[in-house]
Amino acid sequence: MDDDDFDDIPDEDLMLAFTQATGNITSHHPSNSKQLASSAKPPAQAWPISDSARRIVTPTVSQGQATATGRAKTASKPTTSATTSRPSLAQSSQRKNLRQTTLWGGTLEEDAQPAPQAVSNRPFRADMPPEQPTHHEIDIEEMKTWVYPMNLGPIRDYQFSIVKNGLFNNTLVALPTGLGKTFIAATIMLNYIRWTKTAKAVFVAPTKPLASQQVQACLSIAGIPRSQATLLTGETPPVLREDEWATKRLFFMTPQTLMNDLSKGYADPKSIVLLVIDEAHRATGDYAYVKVVEFLRRFSKSFRILALTATPGSSLEGVQDVIDNLGISHVEIRTEESIDIRQYVHSRDINTITFDPSDEMMEVRDLFSKALKPLVTKLSSQNIYYGRDPMSLTTYGLMKARNDWMAGPGRHVNQGTKFSVIATFAILQSLAHSIKLLNFHGIKPFYNNLAEFRTTEEEKGGKGSKLKRQVLEDENFQKMMDMIEGWMKIDGFLGHPKLEYLCETLVNHFMDAGEGSNTRAIVFSEYRDSAEEIVRILNKQPLIKATVFVGQADSKRSEGMKQKQQIETIEKFKNGAHNVLVATSIGEEGLDIGQVDLIVCYDASASPIRMLQRMGRTGRKRAGNIVLLLMKGKEEDKFNEAKDNYATMQRMICEGSRFTFRHDLSSRIVPRDIRPEVEKKVVEIPLENSQNPELPEPKRSAARMRTKPAKKKFNMPDGVETGFIKASFFGQAGAKTAKPPARPPAPKETDFIAERPKLESILLSTSQENELRRNYTKIPLGHSKVEELDIDWYRHPTSRRVVQKTIHVKHGEYTKRCVKLFRSLAKSQAPANRYTKPYGETDTSSWELIPLPPLADETEGETSRKGQKKRPRLESGQEAEEAEQYAAPKKRQATAKTKSTGVSKQTNKPRARHTALISDCEEGGNEYDGNVDDDEQSRPRNFRSKGRGRGSGRGKKSQPKQGDPNVDYGDDCTRTSDMEMGTDGSDDGADLEDFIVSDGEVTSSLQHRPRGSTSPTTAPDAGSSSLSSKTGRKQQAPDSFASDEDDGDVFGPKFVPVTASAAKGSLPSTARREKPKPFYVPVELPATQDTTDGDDDLPDIEFLSAKRKREGTGTGMRTGSPGHVKVGDTSKGGSGGDQTREKPSGGAASHARARKRTVVMDSDDDQE
C-alpha cells in the first residue's frame, strides 16, 4: 500500500470520482439523445475538481482534452463537461424547469440549456473563487519531483503520509514525543527550497534552546547547505539580521524575533513560502505565533504552514482556536495506540505513588490555619467567601470570589468597606501560594516564602498594612516560624515525604544500572524554589550528580539562566557531566535531551498538555520508567482529570467532526499542471555541515561594520495606492492624482555600439612598432633599470603664498584660505631656515651676516595694530629676524600713502642685498583679506585722517579699528623723510633745506621755531612748486596708477614714475650712478586746503634729535633749518655712503600727519 497511487486520496474524493465517472458513462448512452446533445455543448460554468478526483477521471477523457484541462484556468475558459463539470446520474427535474426571465416576464434565452450540475457533499469547492497563481519564482524542473530522504533508514508509513499531505496543505501534525516531527519538518523545508529560487523557509520555536536544537537536526537530515541557514535571536544586532535576510534562505528563530523583523521591514513577508511552527499548541490568544501569521496574511496568501505539536489542546475551543489562527486545512494526528506508530513507540512503565502529609506538616498547617482564621472569618461573615478552612484557600478561588463580589454586592457598599475587603483578599491570595508550597513541595519552600513576606513588611516600618501586621504579630504565626527555624538547623531534615522517596528512587535506579552506565534521569518540579531544594538534597546522595535547569527570568531569591547557560547545561547533561536534571516547565517542551530512562514528576499538573510533554521526555529510543509523586486528595484528583481529558481530546480530533477546517486559507502553491512525483533517495550532506559544529549565528566582520540599519521599509498589499493625493479629490469616486508624463526610456549602452573597425586600422605599423620598442620598451644605454622620478613637492614655495591672476573665473573661498594658510605657515618659520632648500642645498651667500642699519626712534616706530607695543631696539642677533616683519608694509597702507601724496618718483635699481626681502614683500602685497575682493584691492582708495580736537591737555587716544587704513598714522606730525632722493652723499643737512613748513604746521613745532622763520601761512602752491623745482621731477596726476601686476610694485598700487629725462631739473651725479632703491617709490603730493587746517602739535626736529642722542638710540643726526629735515644713517664701521631723504613739510606732510613712519632697513654698503 505504500507505493499505491491512490492510498493518499480521501474517501470523499473517491466517491466524487466514482460519481463523475458513472455520469460520463450515462451521458454517452445512445438511448438518451437529449443528454447526448446537451453534453456536446460547452457548459455555462466551469467547476474545479480536486486533484485526487482528477487523477481518476482523466482516463475517461481523450489525451487532448486532458491536456487542455490541466492548463486551463478554472472558471475562466469553457471546456468539455467530461473534464471540468460535475455531471450526475440523473439530471434534476427542478433544475431543468428553471429559466431566466426579464422583469416583464419574458424569457431571456429560450434555447439555452442549463449546464449539467453534480450533487456534491463539498459545496466549498464550488463557492471558492478562482485560484490565484503563486507570486514566488519557482523552478519547474525541480518541482516535478519531491525528495524523501532515506538517510535515517527504512521508511515509516506515517512519516511518508504526513510529508505528502504537508507539502500541499496547511497541516497540523500531532504526534507523541519522539516520533520524528523534526524529520517531517526538515523534509518539507528541503523540498520548498528546491522548488523555489529565492523564497525563504522559516522555522520558529518558543525558546532559543529549542531553535538551536532544530538547526543541527535539519542540517544533518535534509542536507540543506549550512551557508544558506542562519539562527537569529533577539541578541543579534539589527544590522546583522538585515544582512541575513538579504542573503540566506533558511531561518531558525523565535516568533518574537520574526515579528520584530517583519514589523521593522528587515524581512519581506512576500518572500516567505514556508512557515514551520514548533509547539503549535501555543498559537492561541495574543501569542507571537498568532501575530506572525496575521501579519503574513496581510501581504501574502501564497505560503504554506506546518504546525507541530504533541498535544493540540486541552479543550475543543482551544483546538479550534489553533486551527483558526494558523489557517489549518488538514490534521494529521496519531496516538500511542495508533496502528501505524505502535511498532515505533517504546513501552513506558508508569508508577503512581501517593503520600500522606507528615506529622511536621500537620503541625505547621494547624498553626498557620489559626493565624489566618480571623481574615477568613471576616470574609465569610459578610457572605463574601464561603470557605471555612483556611488551608483550602487557592489563588484562583479567591480571585473568582473577589470578582463576583465586586460585580454584585460590592457595587453598593461604601468605599471604606470595599477597600477593606479588597485588602483582605490581596493578603489571602499572597498567602495561598505558601499553602500550596507546604502541601505539595515541602516545609523549606513554604518557610522561604513566608520569610520573604515578613521581611517585606518589616522594611516598611509602621507604614505597612494593618492586616499584614495582624498576621505577623499573631502568636501562632510566630510560634510556627520559630519551630520551622529549629527544624531547618537539623542536618538531614527533608521537610516532605516526597523528597525521601525521590532520593531512594534515584539511588536505586543508578545502582541497578551499574557503574559506567549511560543512564540519566529528569525530575520535573513546578516552582524554582522547590527545584533548588531538590538539587540541594540530591547532591548529598551517592551516585547522583544533579543540576538545575530553569528559565531566564530572575526571581527575588535567585537569578535565571541565560540562553547560553541553558545550552551548556543540556550539553553537559548529554555528555554525562550531570546524570540528574531538575527542571521546571522550560524542560517540558521539545527538548531532545537524549537517553533518559527515568522521569520523576515531583508534582502533578491539571493540564494534560504539560503532563504529556513531561512523559514524552523518556521512552524515545528504549523503554523508560515514569514515576508520579502525588499527594492524596486534590493533587491525585487533578492528575486523573488530566489523564481522562487527554484521551477524550485525542478521540475528538481523530474524528474531525467537531472542528471546522480553514480550506479557504490554504492556497495552492504548486501549479495544477504540475504533479510532483516522489523521489526516494539518500540525500548527500554537504561537507560544510559536519566541519563546523557551531550554530550558524551571524557574526560581525570587517565587511559588515555598518552601525545603523537601513531605513524602515513599509510593506504594502498588492493593489494598494500609495503616495499623496490632492485634498480636492477626497470624496470623489476614483479620484487619482494625475500621473506625470512618461519619460522617454534611458538610452542603453547597446545603442551606442560602434561598428567593428578594420584590423589594419587598430594594429601598429612597422614604424610604430619600432618606435614603441625604441622609446618605450627598451631601457636606455647605461641604465640598469627604468628610472622613476618623484615629484618634488617643495619646489616654488613662494608661488603657493600668492593668489595668481585669473581671467574668467575668480578664486574660490577655499583657494584663498589655503593661500592665507601657506602664508601664515611661511611667516611662522624661523628666518634662519626660511630660505634653506629641503634637498640639502643651502644658501652660501651668508646674507645673515650683513649688518643692518640702526632702527628708527621708538616714538616713530609705533605699530598700527591693536594691542601691539612700540617696536623695541633689537640686538644684532634679532635684526635679521625682525627686518622682514617691518620691511613689508601692508598693501593698503602703501595705497593710501600713494594716493595722499599724488606724485611718484623713480627709484633706483634694487640692490642684491634685498633680494630675499623683496620676495617676502611680494607675498605680503597680495595678502588676501577675507572681506575684500581682488578687484576691490586693485582699486585706489582715498583715505582721509581725522585730527584730534584742540584741548588743554592730551586727550584719550581712540582705539584703531580693524581694517582702518589710517591706523599707521602718527600722533603729531607727518614725516615723509623716508622718501629716497638722490643726494650728494654729504651729511651737512643741506639736502633737507627744501623741507618747507606750511600752514599745516601745528603749535607743537612752532614753539621751537626761530623768530625770523617763514610765516606758517605760506601758500600751498608755492611750497609745492618750489619742492617740485628743486627735486627736478614733474608732478604726476593722482589717477595715473601703475598696474597691480608690475613686478616693481611691492607695496600694492602705485603711481607711474616720471622718467628723469622728462624732469625739469637733473638729479645729482651720485644719484645717477647708484642703482634704484629696491623696495620703495617716493611720492610727492602738493599741499591742499584740507591739509592746512591741521591742528595737531608737531614736535621740533632739534628737540627730537636731542632726545634721540640722550637715549642713545643711534648715531643718526638730524639738522637743518625748520623748513628742511635731514636724516643720516652711519654704518657700524663708520664707512660707507649715507642716505639722505628729503621731503617737503608743506601740504603733503599735513595731509598724512597722522601716519607713522615706515621703517625701511638698508645696508650701509652702497658699493657693488
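Going from the start of the chain as shown, residues are counted 1 onward.
In case you wondered, yes, glycine gets a Cβ from its N, Cα and C as well.
What Swiss-Prot says about this protein:
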- L175, P176, T177, G178, L179, G180, K181, T182: ATP binding site (BINDING)
- 71-88: compositional bias 'Low complexity' (COMPBIAS)
- 920-936: compositional bias 'Acidic residues' (COMPBIAS)
- 985-996: compositional bias 'Acidic residues' (COMPBIAS)
- 162-330: domain 'Helicase ATP-binding' (DOMAIN)
- 506-665: domain 'Helicase C-terminal' (DOMAIN)
- 278-281: motif 'DEAH box' (MOTIF)
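Sequence features, as recorded in Swiss-Prot, placed on the structure.
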residue: L175; record: ATP binding site; CB count, 10 Å: 23
residue: P176; record: ATP binding site; CB count, 10 Å: 21
residue: T177; record: ATP binding site; CB count, 10 Å: 20
residue: G178; record: ATP binding site; CB count, 10 Å: 18
residue: L179; record: ATP binding site; CB count, 10 Å: 22
residue: G180; record: ATP binding site; CB count, 10 Å: 19
residue: K181; record: ATP binding site; CB count, 10 Å: 23
residue: T182; record: ATP binding site; CB count, 10 Å: 21
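Reduced to three states, the DSSP call for K181 (ATP binding site) is helix. Restricting the average to the domain 'Helicase C-terminal' (506-665) gives a pLDDT of 79. In the three-state DSSP assignment, the secondary structure recorded for L175 (ATP binding site) is coil.
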